[in-house]
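Comments concern the structure below.
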Amino acid sequence: AEIDRPVSLSGLTEGEAREFHGVFMTSFMVFIAVAIVAHILAWMWRPWIPGPEGYA
């Protein structure tokens with residue numbers, strides 16, 4: 001059995017954890033970029049903070 005291998009809380013090896021972290025961070029950054037673009041487009045369409053004249 002693999003008794004000599006250090007076991008982490010997640011059960012992943014160091015390499016597996018690093019690989020998962022890389023994929024996770026890349027996916028997260030893509031998600032954040034899409035969210036930022038969506039917010040910019042929504043703001044251009046209908047701003048949600050009124051100007052001095054209110055929602056005119």
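Keep in mind that glycine also has a Cβ here, set from the backbone N, Cα and C atoms.
DSSP classifies H21 (bacteriochlorophyll binding site) as helix under the three-state reduction. The bacteriochlorophyll binding site annotation in Swiss-Prot covers H21, H39 and is backed by sequence analysis.
The topological domain 'Cytoplasmic' annotation in Swiss-Prot covers 1-22 and is backed by sequence analysis.
According to Swiss-Prot, the topological domain 'Periplasmic' annotation covers 46-56.
Among the features that Swiss-Prot reports, transmembrane segment is placed at 23-45.
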Cβ neighbours within the same chain of H21 (bacteriochlorophyll binding site) - under 8 Å, at least six residues apart: none
Neighbour tally for H39 (bacteriochlorophyll binding site), based on other Cβ positions within 10 Å of its Cβ: 11
